[in-house]
Amino acid sequence: MTPVTAAPASADFEDFFGDLFSWIEPSAADTSGFDWLGFSAFDGDLAGSAAASPLDGLNTLVANTLNTLIYQPIYGINQFLINDLGLRIDGVFDNGDNAYVGFNEDGDLVYNAASAGGFLFGDGGSGAFLNADGEVLGANGVVLLDENDNVVTLADIENGTYSFASNDFDLNGGNAGLIGNGGDGGSFFGLGGDGGAGGFLMGNGGAGGTGGIGDIGAVGFAGGVGGDGGFLIGNGGAGGTGGVGGTGAAGGIGQAGGVAGNGGAGGNGGVAGLFGNSGAGGTGGAGGVGGAGGAGAAGADTEDGNGGNAGVGGVGGNGGVGGNGGAGGFFGVHTPGAAGNGGAAGVGGVGGNGGDGVNGAAGDFVNGNGDGAAGGNGGNGALGGAGGVGGAAGTGSVPGVAGANGDGGAGGNGGRGGDGGTGAEGLGAGGNGGNGGAAGNGGAAAAGGAAGGEGANNGAAGVDADGGNGGNGGNGVAGDNGVNGTVSLSGGGNGGPAGNGQNGGAGGAGGAGGNGGGQAGNGGNGGKGGSGAAGGDGGETGYGIHEENNGIHGFGGSGNGGDGGAGGNGGAAGLGAANGSDGLIGDGGHGGAGGNGGDTPDISTDAVAVENATTPIGGPGNLTGAGGAGGAGGSGAIGGNGGAGGNGGNDHTAVGSNGGKGGDGGAGGAGLANTDGTGGVGGNGGNAGNGGDGSTIRWGEPSATLNLPNSSGTINDVQGGAGGTGGAGGAGETHGGNGGDGGNGGNVVIPERGDDGLNGGAGVTPGTGLQGGAAGAGGAAGEGPDAESNGTAGQPGTPGTAP
């Protein structure tokens with residue numbers, strides 16, 4: 001322990017004594033006479049004093065004067081003889097050894113206690129076995145190394161790397177002999193060591209050591225008691241600070257955090273001699289921090305996919321009681337030392353966060369219906385732990401200050417709702433897409449822990465969680481094309497009709513967003529609707545052939561194009577909590593395009609005549625397929641666009657057929673406004689398909705050549721296919737969608753099929769009564785909330801032409 005006034009390092013005692021008395025200056029004397037009631041003026045800077053009467057002031061003045069004028073010179077001479085001149089007599093005239101640690105033959109640590117000073121003169125050794133860096137000290141104060149030359153530290157001892165052969169020891173400082181200072185107590189491992197007593201006649205007591213930190217959730221160890229001063233002259237040592245309470249154990253999954261340990265009590269100050277200042281009590285140890293509450297289980301680890309609720313935070317430890325000031329001189333009538341302050345309380349443990357809900361699995365058609373699975377709900381957060389209560393101050397001449405109360409721990413956050421799974425793409429040709437899964441709701445946050453008392457704060461509340469996002473709908477699969485009609489070679493047999501194109505699969509609906517948790521969670525967004533798929537094209541017509549003359553007859557008709565699949569509707573927005581925001585509605589999926597109608601086959605390579613069974617002489621047949629309608633767009637924040645209509649089938653091979661009708665465009669989806677004002681835009685209608693071209697001539701040789709009645713030659717009254725109607729624009733809550741354009745009418749054409757002598761001898765001469773296809777009308781504009789926000793109507797198509 002450092003003396004009150006440091007001894008000189010040299011033997012120049014003339015300078016020493018000159019400096020020693022230099023504090024007494026004549027100018028400091030009161031020329032008007034000495035005021036015996038003013039001794040309290042001397043107490044302001046004296047540790048541990050708070051004069052309550054003139055006697056107290058006198059005691060303090062006398063004690064400090066005697067310590068400075070008598071004890072310190074004697075002490076300085078003794079230490080000069082021992083340390084500088086090396087005059088030592090073991091056990092009689094020598095300083096005690098400081099505590100140290102070594103290894104025994106089994107590799108365990110052995111603590112060697114501090115020893116007392118010499119019987120006549122000498123300081124007691126220090127009980128400390130650690131330096132300021134937490135390194136263990138071996139003999140002679142050298143840092144202890146193990147057999148591998150690794151530095152041994154307190155942390156190594158605490159984590160079990162090294163252990164003491166026996167824990168049955170104390171860290172007390174050594175006592176001084178007749179004259180000398182007691183050694184300081186050791187710190188930070190178990191109970192703080194007591195300070196050694198000052199010399200029996202004269203000397204200052206050593207300071208008590210700081211108590212060790214408590215184990216998990218355990219009370220911190222008490223600080224050591226300050227050593228007593230010498231019987232005649234000596235100050236009592238200050239009590240040691242109490243150890244910090246152990247931190248509460250962290251909670252497991254969904255479990256509460258452990259209660260923290262209280263701080264250890266501060267050590268009492270040492271007793272003063274007849275002339276001396278009493279030791280101040282030590283400060284109480286700080287309370288430990290409450291254990292953190294365990295997080296809720298993740299939805300991926302629960303049977304139902306919902307996130308688990310969290311565990312509450314542990315209560316913070318109370319601050320340790322401050323030590324009492326030591327008793328005073330003059331046979332105890334002098335005021336005791338200053339009271340130790342109470343230890344600060346620990347903060348409550350944070351509440352655990354709720355577990356997140358699991359994300360829904362994507363849909364499939366192997367083990368399910370293709371719909372995405374719903375997301376799990378998020379778990380609720382837990383309350384933060386209450387703060388501890390500050391420790392009470394000890395008793396003494398100067399009142400101590402009670403320890404600060406601890407703040408409450410922060411509340412846990414709610415777990416986020418899981419996202420819905422994506423719907424599967426449709427299974428096989430023309431299959432509908434699966435619907436997206438609904439999202440889980442967000443979990444509620446919890447309030448912070450209560451404050452430990454006045455001056456402390458409640459813990460901050462956790463954050464409410466948002467709902468998950470809905471899964472997107474799966475896309476439909478395109479329809480297959482229609483198969484071509486069969487060609488019959490049996491005598492008199494008719495050809496088979498061609499197959500219609502398969503309708504395209506519809507897109508799945510988007511899943512709804514989850515609702516926000518607690519009071520401030522935001523709603524999740526709805527999933528996007530899946531896209532509808534295109535319809536398949538119609539097949540070519542089949543026909544029969546007479547083998548004896550290659551005469552063609554019995555057309556079955558070409559197939560119509562399949563309709564495009566409808567787009568899926570966007571998912572609904574999740575609702576926000578009272579102070580949260582709603583999510584966004586999902587966008588609608590686009591409709592699929594309609595398939596094209598089937599064209600007429602090329603018969604010029606298979607036959608030389610067309611009989612009149614299905615193609616009347618001079619009149620057209622209806623052998624081309626109609627285009628399929630486009631699929632409607634799905635509703636959503638932005639409505640899906642309607643699909644385009646398919647084109648009507650063409651007769652570019654001189655079968656003498658009218659053109660096929662063009663398909664109508666799909667309607668645009670409705671636009672639904674979000675609560676924040678976004679969205680609400682209707683989808684655009686799909687453009688219509690164009691009408692197919694008709695042929696005013698029919699392939700074949702003249703009747704006179706074949707000597708058979710047939711219908712080859714010029715064909716009258718042929719019409720091009722009508723164009724389809726454009727799809728209507730979707731209505732929108734903020735803006736309507738545009739209508740689709742109408743399809744163009746089909747033309748009447750004269751296919752170039754070779755020699756002019758064919759076509760019944762007509763060559764390329766057109767028939768009469770020919771008419772191009774009618775133009776399709778444009779789609780109606782989608783309506784908005786007012787005229788300015790309506791969409792634009794689609795443009796009509798162009799009529800077809802004829803020769």
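Note: Cβ is positioned from N, Cα and C throughout, glycine not excepted.
Under the heading region 'Disordered', TrEMBL lists 472-502 (among others).
As annotated by TrEMBL, compositional bias 'Gly residues' applies to 490-502 (among others).
With a cut-off of 8 Å between Cβ atoms, the residues of this chain six or more beyond the compositional bias 'Gly residues' (522-542) that come close are 417, 419-420, 422-423, 425-426, 429-430, 433, 436, 439, 442, 466-488, 495-516, 555-577, 580-601, 623, 625-626, 628, 631-632, 634-637, 640, 643, 646, 649. Residues or ranges marked as compositional bias 'Gly residues' in TrEMBL: 522-542 (among others).
As annotated by TrEMBL, region 'Disordered' applies to 522-558 (among others). DSSP states for the region 'Disordered' (522-558), grouped as helix (H, G, I), strand (E, B) and coil, give 0 helix, 7 strand, 30 coil.
The compositional bias 'Gly residues' annotation in TrEMBL covers 678-694 (among others). Sorting each residue of the compositional bias 'Gly residues' (678-694) by its DSSP state yields 0 helix, 3 strand, 14 coil.
Feature annotation from TrEMBL assigns region 'Disordered' to 678-803 (among others).
Feature annotation from TrEMBL assigns compositional bias 'Polar residues' to 704-717.
Counting residues 6+ beyond its ends, the compositional bias 'Gly residues' (720-746) has Cβ neighbours under 8 Å at 597, 624, 626-627, 629-630, 632-633, 635, 639, 641-645, 647-650, 658-673, 677, 679-694, 771-785, 789-802 in the same chain. What TrEMBL lists as compositional bias 'Gly residues' is 720-746 (among others).
Annotated compositional bias 'Gly residues' per TrEMBL: 757-782 (among others), in sequence order.
Helix first, then strand, then coil: DSSP counts for the compositional bias 'Low complexity' (791-803) stand at 0 helix, 0 strand, 13 coil. The feature compositional bias 'Low complexity' is assigned by TrEMBL to 791-803.
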Secondary structure composition of the compositional bias 'Gly residues' (720-746) [DSSP: H/G/I, E/B, coil]: 0 helix, 2 strand, 25 coil
Counts by DSSP class (helix H/G/I, strand E/B, coil) across the region 'Disordered' (472-502): 0 helix, 2 strand, 29 coil
